[in-house]
Each structure stands twice: as C-alpha cells, then as structure tokens.
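The structure appears right after this line, and notes come after that.
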Amino acid sequence: MNKFARHFLPLSLRVRFLLATAGVVLVLSLAYGIVALVGYSVSFDKTTFRLLRGESNLFYTLAKWENNKISVELPENLDMQSPTMTLIYDETGKLLWTQRNIPWLIKSIQPEWLKTNGFHEIETNVDATSTLLSEDHSAQEKLKEVREDDDDAEMTHSVAVNIYPATARMPQLTIVVVDTIPIELKRSYMVWSWFVYVLAANLLLVIPLLWIAAWWSLRPIEALAREVRELEDHHREMLNPETTRELTSLVRNLNQLLKSERERYNKYRTTLTDLTHSLKTPLAVLQSTLRSLRNEKMSVSKAEPVMLEQISRISQQIGYYLHRASMRGSGVLLSRELHPVAPLLDNLISALNKVYQRKGVNISMDISPEISFVGEQNDFVEVMGNVLDNACKYCLEFVEISARQTDDHLHIFVEDDGPGIPHSKRSLVFDRGQRADTLRPGQGVGLAVAREITEQYAGQIIASDSLLGGARMEVVFGRQHPTQKEE
C-alpha cells in the first residue's frame with residue numbers, strides 16, 4: 001500500500017485537477033441521471049396509467065348489463081388512444097368479459113390485483129407478446145427485429161386495474177386494461193435507453209474539455225516552474241512579478257529570498273576577496289624573511305619575531321574580516337577606541353620595507369605624536385596598508401607620509417614620486433577590478449576596500465598630484481570626536 005501511495009499519489013497538479021473535476025462531474029452526472037431516470041419512470045407510469053384508465057372508462061361507458069350478463073358493443077369508427085386488451089371481472093374476481101381470448105394473459109392477472117385500483121406489469125416473452133400484437137402489423141415488425149437480435153428477450157406489458165362501484169344499471173365491476181404494446185417497443189422507452197449512451201458520451205466529451213481547462217488554468221504555474229529552471233541554469237536573475245493574483249505573493253517572497261541570498265553571496269565573496277588581498281603583505285614579509293634565512297642574511301633569532309608578528313597579523317586579519325562580514329552593510333563601527341597614528345604607521349612601514357627591500361623604497365613620515373585615530377585599529381591598518389602598498393608599488397624611490405587633525409576629521413597624506421594617476425582614471429581606481437596601470441600585477445581591490453572602510457567613517461579618499469611628481473592620496477576619516485555617538 002505504501003509503495004502504491006509513493007508511486008501514484010504524488011500526481012501532477014494538472015492530473016489532480018482533472019481527476020477531481022472529472023469525479024465531481026461524474027458524481028453530478030450520475031446524480032442528475034438517476035433523478036431524471038426516476039422522474040421519467042414515475043412520469044411514464046403515470047402517463048400510461050392515465051391512458052389506460054381512459055380506455056377503462058370508455059369500456060365501462062359502452063358496457064351493458066342484461067340478464068346477469070355483460071356485453072360491450074364497440075362502434076366501428078372508434079379510434080382507440082392506444083392498442084389495448086380489456087378484461088371485465090365481477091366483485092368476486094370472476095371473468096365476465098374479455099376483448100379477446102388469450103389464455104396466458106388471463107392467467108397472468110393476479111387475483112390480489114382485482115381488489116384495489118392500481119398499476120401493474122406483466123413480464124412475458126416475445127412469442128407471448130406476438131399473440132397480443134396479431135392485429136398490429138407495425139408492432140409485429142418491431143417485435144420481429146427484437147426476436148432476431150435476442151430470441152429470449154423479455155417483454156413488459158403495463159396493466160391498469162380500475163374498480164367501479166355498483167349502480168342502478170350496473171353491478172360492481174373491475175375492469176383490467178392491458179397495453180398490448182410492450183414498454184420495450186415504445187418510442188419513449190427507447191429515449192430512456194438512449195439516455196445512458198448520452199450520459200456516457202457526455203462524460204467522454206467533458207474529459208477533454210476538462211483537460212483543456214486544466215491546461216489553461218495551470219499555465220501560470222508552468223510559467224513559474226519554467227522561470228525557476230531558468231534561474232537554476234543562470235539564464236535569469238529574478239522571477240517575473242507580472243503573474244496571477246494568487247501567485248503574486250509567492251513570486252514576491254521568492255524574489256526577496258533570491259535578492260537576500262544574492263546579497264549574502266556577494267557579501268561573502270567580497271569579504272573573501274578583501275581577505276585574500278589583505279594577506280598579501282604579511283605573506284610577502286614571511287616570504288622575504290624565509291628568503292633571508294635561506295641566504296643566511298638574517299639569523300633565526302632576528303627572523304623569529306618578524307615571522308611571529310606577521311603570523312599574528314594574519315590571524316587578526318582573518319578574525320577582523322569574519323567580523324566585518326557579519327557587520328557589512330549595517331553602518332555600525334566595530335569600536336571607537338583611541339589609537340595613536342604614528343605607531344600604527346611605523347609597523348606598516350616596517351613591513352613594507354621588508355616587502356620592497358629589493359626595490360629600495362625610502363618611506364619617510366612626518367606625523368605629530370598627538371595625532372590619533374578614533375575607531376577600529378584594523379580598519380585604520382587596512383586602509384593605510386592598501387594606500388601605502390600602492391604608493392610603494394608605483395613610486396620610483398620616495399614615499400612621504402604626513403597628517404593633520406581637526407575636531408572631527410583625520411587627514412593623512414601619502415605622496416610618491418611615481419608616474420601619478422591620470423585625471424580620467426582618478427575616480428575609476430576606487431572601483432573594484434579597475435586599475436590605472438594594467439601592465440603591473442594586481443587585482444584592483446586595495447583602493448576599493450580602503451574607500452569602503454573610509455565611507456563607514458563618513459570619510460573619503462581623494463587622489464591628486466604630488467609635488468614629488470607622482471600621486472597624492474588624501475585619506476580622510478570622519479567621526480573622529482572621541483565622545484561622538486553613532487546615530
């Protein structure tokens with residue numbers, strides 16, 4: 001049973017709709033058909049009884065009672081409403097008169113039928129019916145066709161019993177009128193028989209119509225399924241919001257979910273890219289130190305602190321970026337601690353001197369010890385590390401660092417004697433993946449990360465020309481008042 005349910009119950013919506021609707025139509029059709037058949041049967045019986053009762057009244061009117069005998073004289077031009085066979089009984093059930101002497105018919109009249117007015121039926125065979133229809137050639141032809149199709153077919157004759165009370169001219173009589181044409185040969189009965197075929201044809205016609213209705217009704221769901229497949233194949237980014245009213249809420253929620261997932265994916269991808277870029281400097285220092293150890297230019301005792309410092313920085317950077325990934329987009333600063341700027345820059349300069357040792361970069365700094373940075377230390381190190389690394393990469397020999405501080409802003413200036421940045425590219429270098437010099441190795445990430453961090457401090461980075469002949473980067477950190485609260 002469970003196996004059957006697993007294989008057959010999870011049907012498609014179209015099949016479910018079709019089966020459910022077909023079931024409803026079938027039940028309603030059968031119900032209406034049964035009601036129609038019962039109604040027709042009752043109406044048919046009433047109509048037949050009324051006609052036979054009319055024949056009975058006619059014979060009662062034409063009957064004469066003389067010398068304790070009854071006689072019936074039928075006019076020659078009398079037009080009977082229907083071919084019938086009439087029998088007249090007295091109150092004791094004795095047969096007084098019969099229109100024709102047909103023994104099997106007389107025996108078929110049950111004594112209990114004669115006790116009350118009523119409507120009955122006599123079941124017989126084709127041969128017996130043929131004796132009743134001896135004078136009706138049209139009915140005989142129809143009966144012949146029935147005999148050819150089924151020699152054992154049963155015929156049903158309607159019987160009406162009417163009791164007439166005694167009067168001055170007539171004793172109590174019971175008149176039995178038998179319809180000589182069986183129900184099976186009547187046109188009305190054939191209509192009844194055809195009703196079943198009409199019902200079956202109706203169902204066969206309804207099923208394809210229901211299929212078309214199901215196909216048309218479920219087209220929006222098919223379209224939605226197709227769009228989902230296109231999403232899986234990366235052929236579309238969002239679901240079409242122009243859909244039916246019932247699916248609008250679902251599509252809107254799915255689009256919101258897709259947007260959230262895409263933003264989260266982009267956030268972590270960006271964070272991973274930024275982390276990879278930030279680890280380049282400490283890894284380069286480790287590589288330079290190991291090279292010095294291999295060439296015996298540095299002793300183990302001197303190399304160990306340098307390597308431990310860079311390993312510690314790598315660990316800090318990983319923790320910092322994981323935390324930053326969870327806070328990205330919130331607009332809330334990680335901390336508002338006070339950090340002297342000069343020591344932080346000294347550590348960066350020391351690391352960069354090791355990275356660019358072969359190039360022989362000369363980095364000079366002119367910063368007052370009182371100048372401080374308010375915020376997360378790793379934010380400052382990340383921004384200035386990227387800006388200084390760019391300056392060292394593109395300078396010829398000299399890099400100069402200076403700073404000034406106002407009530408709410410910290411300005412740090414980094415200048416080099418390199419080729420500088422063309423005016424047309426000064427805004428592009430802060431976009432991810434964009435670089436002013438595409439001939440040198442790089443990813444175009446450092447300055448983009450620096451700008452994103454400074455914007456969190458309501459600051460900016462401004463590129464201009466330096467008096468040294470190269471580029472001048474002005475890094476501005478806002479929100480530098482120690483007592484300032486986040487809005």
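Each Cβ is built from the backbone N, Cα and C atoms, and glycine gets one as well.
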Listed as phosphohistidine by Swiss-Prot, one of HIS234, HIS277, HIS423: HIS277
For the binding-site residues ASP151, ASP152, the one whose C-beta sees the most other C-beta atoms within 10 angstroms: ASP151
C-alpha spacing of ASN386 (Mg(2+) binding site) relative to ASP151 (divalent metal cation binding site), in angstrom: 108
DSSP state at ASN386 (Mg(2+) binding site), helix/strand/coil: helix
Cβ neighbours of ASN386 (Mg(2+) binding site) where a neighbour is any other Cβ within 10 Å: 26
ASN386 (Mg(2+) binding site) to ASP152 (divalent metal cation binding site) - Cα separation in whole Å: 107
